[in-house]
Amino acid sequence: MLHKSVLGLVLAAGMGTRMRSNQSKALQMIGGKPMIAHLLASMQETNLLTHQAIVYGYRGEALQAALKADFPNVFWVKQEQQLGTGDAVKSATALIEQHDLTLIAFADIPLIRPHTLQQLLHSAAQHGFAILTAQMENPFGYGRIIHDETGGVCAIVEEKDANREQKNIREINVGVMAVKQEWLLTYLPRLENHNAQGEFYLSDLVELIARDGHFIESFCLESADEAMGANDRAQLAALEAVYRQRKVQELFAQGVTLIDPNRIDIHGTVIAGADVVIEPNVFLKGTVVIGDGVTIESGCCLKDCEIGRNTIIRSHSVIDTATIGAQADIGPFARIRPQTVIADGGKIGNFVEIKAAKIGQESKVNHLSYIGDAHIGAKVNVGAGTITCNYDGAAKHPTFIGDHVFIGSNTALVAPVTIKNGATIGAGSVITRDVAADTLALTRPKLTQIEHWRRPQKKKEHKNDA
């Protein structure tokens, strides 16, 4: 415990012009969420913050709209003019005055881990100022860390202001620091903009404080991946690749077999049982729970769903906000839409769409069917081409099918309608009324045959010789 009040301050006022986007840089997506959302979540997971605040400028309204649902308690501070990172922090002076420590971070550092931020805050609580650094093989574009003879940080020199010797330094400023209130309030007003950019650099705070004899602790990351930011699309893709590899390692730790670890995308949280096998080009979104022994074949997309043990999801199937039971068989090319529950042993075959339906135990919808707003009992066979006609142009209506029902191919069930236990529906029927239990229902017209029928013949075309 710190026994101190802590403000988490995120600087998100920059335009990010190199992204060539109509959105601010902070809203560029990593792992299905804006970069800034990853950082805010990591800050919260430290369990050390009293409040969070975001300094915004460019397209601030869009930033607030994107984050307000997941981060409703964040304070918003507007930077009226884009005068640099030092000026951005100065904009939050009223909030800084209310907290013992302020944790400051740039919005485009989505891979920082909560444990790293915890360590930085504890160091700042002890020394008054702690700054996060990393060793980079290619430090181009980053501010370089300068140490004094005591080992403390005495300056940060930005790339555009660095001399040749300083540019050879590989230890860089990550863009995360924690500073006690007294020093921020004392030294922020002393920042100057005598640099190549004509801006007030937050990094200049280091030299001002060190010059007065204060020790500034540097905390160097074990993995430089946490320090990665993104100023353009190529760097954004590199961030996504590191994020994906983190998620892959989480799956390995759960005992999942990935046929090709480089060809999976995970945008969310995956909770997997033992002996799960995932083939290439699978996309997992939101919260996905996968039981023991499940196989997910290539090309599938699963979002916010639960898959029971020993189920197989065949190739190119899409499952969205649904629950699949144990030992089920789904696909290939099946689409399972929200509010669908498929019981144990259910079989949903190729080119079948299920929406807001309950499919009973060991029931089968094998081919080329649409089942919407329906409740199907146990051990039902739904023939190829069966459609539940659930929409009348104004409202949706339900279809109820009992246990042990057999529905022939190319059948239309016009809702609202009920097919009771044990009934059989003849192929090609259009069912508009309820069907009693253990009966055969069919609406097939009588077969008509015309003898000696000849199909119309095409007329031969004669070429014009002229």
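Cβ coordinates are placed from backbone N, Cα and C, and glycine is handled just like the others.
Quick caveat, the model's predicted, so the values are computed rather than measured.
Annotated region 'Pyrophosphorylase' per Swiss-Prot: 1-233, in sequence order, evidence recorded as sequence analysis.
Feature annotation from Swiss-Prot assigns UDP-N-acetyl-alpha-D-glucosamine binding site to 11-14, Lys25, Gln79, 84-85, Gly143, Glu158, Asn173, Asn231, Arg337, Lys355, Tyr370, Asn381. A simple way to gauge crowding: the CB of Lys25 (UDP-N-acetyl-alpha-D-glucosamine binding site) has 27 other CB atoms within 10 angstroms, across all the protein chains here. When secondary structure is read from DSSP and collapsed to three states, Lys25 (UDP-N-acetyl-alpha-D-glucosamine binding site) falls in the helix class.
If you look up Swiss-Prot, you'll see Asp108, Asn231 marked as Mg(2+) binding site, on the strength of sequence analysis. Cβ neighbour count for Asn231 (Mg(2+) binding site) (all protein chains, 10 Å cutoff from its Cβ): 15. According to its DSSP assignment, Asn231 (Mg(2+) binding site) is coil.
Reduced to three states, the DSSP call for His367 (active site, proton acceptor) is strand. Residues or ranges marked as active site, proton acceptor in Swiss-Prot (evidence: sequence analysis): His367.
According to its DSSP assignment, Asn390 (acetyl-CoA binding site) is coil. Non-local neighbourhood of Asn390 (acetyl-CoA binding site): Gly372, Asp373, Ala374, Lys396, His397, Pro398, Thr399, Ala415, each in the same chain, at least six residues away, with C-beta under 8 Å from its C-beta. Annotated acetyl-CoA binding site per Swiss-Prot: Ala384, Asn390, Tyr391, Ser409, Ala427, Arg444, in sequence order.
Ala384 (acetyl-CoA binding site): 18 other CB atoms within 10 A of its CB, across all protein chains. The Cβ of Tyr370 (UDP-N-acetyl-alpha-D-glucosamine binding site) has 19 neighbouring Cβ atoms from other residues within 10 Å, across all protein chains displayed.
The separation of Asp108 (Mg(2+) binding site) from Gly84 (UDP-N-acetyl-alpha-D-glucosamine binding site), Cα to Cα, is 15 Å. Binding residues for acetyl-CoA (Ala384, Asn390, Tyr391, Ser409, Ala427, Arg444) extend across at most 23 Å, taking the greatest CA-CA distance. In the three-state DSSP scheme, Gly143 (UDP-N-acetyl-alpha-D-glucosamine binding site) falls into the coil class. Taking CA atoms as the reference points, Asp108 (Mg(2+) binding site) and Lys25 (UDP-N-acetyl-alpha-D-glucosamine binding site) are 7 Å apart.
Neighbours of Gly84 (UDP-N-acetyl-alpha-D-glucosamine binding site), defined as other CB atoms within 10 A of its CB across all chains, total 24. It is 8 Å from the Cα atom of Asn231 (Mg(2+) binding site) to that of Lys25 (UDP-N-acetyl-alpha-D-glucosamine binding site).
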